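Enquirer: Handing you this structure, nothing more for now.
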Amino acid sequence: MELLIALSIGVLVACGVYLVLRASTFPVVMGLTLLSYATNLFLFAMGRLAIGVPAIVSQDAAGYTDPLPQALVLTAIVIAFGMTAFAIVLALKVRSETGSDHVDGKGGEV
Amino acid sequence: MMHLPILPILLPLLAGILLLLLRPLGLQVQRMVGFAVTFALLMLAVWLFDGALVGQRQVYALGHWPAPFGITLVFDQLAALMLLLTAILAVGALWYAIVTEIDAQGSHFHVLFQMQLFGLNGAFLTGDAFNLFVFFEVLLLASYSLLLHGGGKERTVAGLHYVVVNLVGSTVFLFALGALYGALGTLNIADMAAKVAELPAEREGLVMAAGLLLLLVFGLKAAMFPLYLWLPAAYANTSAPVAALFAIMTKVGVYAIIRVHGTVFGEDAGSLAYFYAPWLLGLGLITLVLAALGVLAAFRLRIQVAYLVLASVAMLLIAVGLHSETGLAAALYYLVHSTLLAGGLFLLADVIVRGRGAYADRFDPGMRLPHHALLGGLFMFAAVAALGLPPLSGFFGKLWILQAALEHPWRWAVLATVLISSAILLIALARSGSVLFYKVKDRPDAADPVLPAQISAFAPSLMAVLWLLAAVPLLVLLAQPVAEIMQQIAAQTLDTAGYRAAVFDPAVGGK
């Protein structure tokens, strides 16, 4: 499981960085989304990976998984949602004001 | 007295919500409420600052969850200073926005302004690294909307760069927090400091990497080399009051470095103690050189002022990077001076732009400005302060930083860089001042548009400039008591053992 999680985070970050470095706004927003997925997975994994143990207090629990990263991920997801929505609206505004999808607002269609 | 530390956070938040509801009543009501609340925040900040200087740190456990389980707010002298500085700047910026009717150019200016203050005050008060992230996001989201307020093509494109860069920064922030949590098992700053102090050797590398990632994020907010490229365009293309308020935004990054790195990797951190300081000093020196060259190369006044902000941040990074008590005290003095001066300069630049009509802030010879003697005098006054020439506060700040640098092994590098960059700034500002105020045309060309005979709302807008620039002579006249206060604040900030004790045992920290 460790290898799978590590690979997922690594591939997401690599794809995210590649897309963020693109010159048109839509891939950049997609890259930001992929990066935020990667951070969520990373935060989640940082509380140690455990299978089948509860995060809340329970009578018949053999052990507990760390509940804090789950709270952190929840906050991070909400913030990432809001930021992505804002970035998309801003990208649309740039497109309509400059008539171009380029991040510098230069040139015609990219 | 118990609930005082949370008031600077609650006041702008509630005011923001109230302003949202008051919107149907029109702009005048929003202006009055917004300004009244900001002024009340200033009064509150003055009162809290006064109390903080004589009292102990106050720790506020949200929801009565004791540290390290709950979120704590820590109100100490450094936080009180930053709150006060923000409130002074906000009053000037908001006054300018109201009298020049910049707030009428789009919707929700006053709501966003209060939300910006909410995020800033929260970031200064929080004692929890994840909560710091949340407040960073609050202030960033408000700043994105404020930056774009009023619209325009250049502003939108600069805004897009600013937003994307900061969103990537937020991602890195989360990676750093995740790594720190994985290594230390806590995100409370005081608890992190305690855990780092007894860190097993095999985890040092991980914690150091996370600490450097965190430095990267704060460096991005502070516009440290090589992460400063977003700053000039963003600050030069937004509206003047927003740029003035943003003068504090770069300082949030510096504050976060002082607070988080200074506490977690403080003197008790064993082999990790102050490991970040050489990075800060080195990158600060490079930033200063590039900022000076940027000031020299600028072809527009507002870009020049944006690079002056960068130069002041570089001085702060150098002073903090010296990691001595004198250095920190000098940094705090320079922080107050440079933040208020930068805010005043952005507003002054806007007054000049309004007087130059179509020439705006390009360094082309235009017609004589209305009120040219007064504006020219103010420009020279602000330029002298920004350069660090005697007798104004920039000189005292720079001199104090250089004095602190004398005890550091890199003293020659610091002295040479600071003095040479100051000389470059002098050349650049002398040039721009002479173009703006001396090199004027006698008769308008046929191509010239008709100039405004009077700048609209000249006197009230100048009051906002004077309000912010008043700090410059005051910091000189009151240099002795102010310096003593800064030394006291620096001593308390560096007392990380006291910080930890106050967080874990509120009885020690006092009420």
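Residue 1 is the first one shown; counting continues down the chain.
Glycine too: its Cβ is placed from the backbone N, Cα and C atoms.
Bear in mind that the values here come from a model prediction, so they are computed numbers and not experimental data.
Okay, so TrEMBL annotates it like this:
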type     : residues  : note
TRANSMEM : B:6-25    : transmembrane segment
TRANSMEM : B:32-49   : transmembrane segment
TRANSMEM : B:69-97   : transmembrane segment
DOMAIN   : B:128-419 : domain 'NADH:quinone oxidoreductase/Mrp antiporter transmembrane'
TRANSMEM : B:162-185 : transmembrane segment
TRANSMEM : B:205-230 : transmembrane segment
TRANSMEM : B:242-261 : transmembrane segment
TRANSMEM : B:273-298 : transmembrane segment
TRANSMEM : B:305-324 : transmembrane segment
TRANSMEM : B:330-353 : transmembrane segment
TRANSMEM : B:373-392 : transmembrane segment
TRANSMEM : B:412-438 : transmembrane segment
TRANSMEM : B:458-479 : transmembrane segment
Enquirer: Taking pairs 6 or more apart in sequence, does the count of Cβ pairs under 8 Å between the transmembrane segment (B:330-353) and the transmembrane segment (B:6-25) hit 3 or more?
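Expert: Result for the transmembrane segment (B:330-353) with the transmembrane segment (B:6-25) is no.
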Enquirer: Most CB pairs under 8 Å with the transmembrane segment (B:205-230): which of B:32-49, B:162-185, B:242-261, B:305-324, B:373-392?
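Expert: Going through each listed stretch, the top one turns out to be B:162-185.
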Enquirer: How about long-range neighbours of the transmembrane segment (B:6-25): same chain, 6 or more residues beyond its ends, C-beta under 8 Å?
Expert: 33-34, 37, 40-41, 44-45, 48, 60, 62, 73, 83, 107-108, 110-111, 114-115, 117-118, 121-122, 125
Enquirer: Under an 8 Å Cβ to Cβ limit, what residues of the same chain, 6 or more beyond the ends of the transmembrane segment (B:305-324), are close to it?
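Expert: Same-chain residues near the transmembrane segment (B:305-324) but 6 or more away: 222-225, 228, 231-232, 234-236, 243, 247, 250-251, 253-254, 257-258, 262, 274, 277-285, 287-288, 290-292, 294-295, 298, 330-331, 334-335, 338-339, 341-342, 345-346, 349, 386, 397-398, 401, 404-405, 407-408, 414, 417-418, 421, 425.
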Enquirer: With a Cβ cut-off under 8 Å, give me the same-chain residues at least six positions beyond the ends of the transmembrane segment (B:273-298) that come close to it.
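Expert: Sequence-remote neighbours of the transmembrane segment (B:273-298) are 208, 211-212, 215, 219, 223-225, 228, 232, 257, 261, 265-267, 304, 307-308, 310-311, 313-318, 320-323, 363, 408, 410, 413-414, 417-418, 420-422, 424-425, 427-429, 432.
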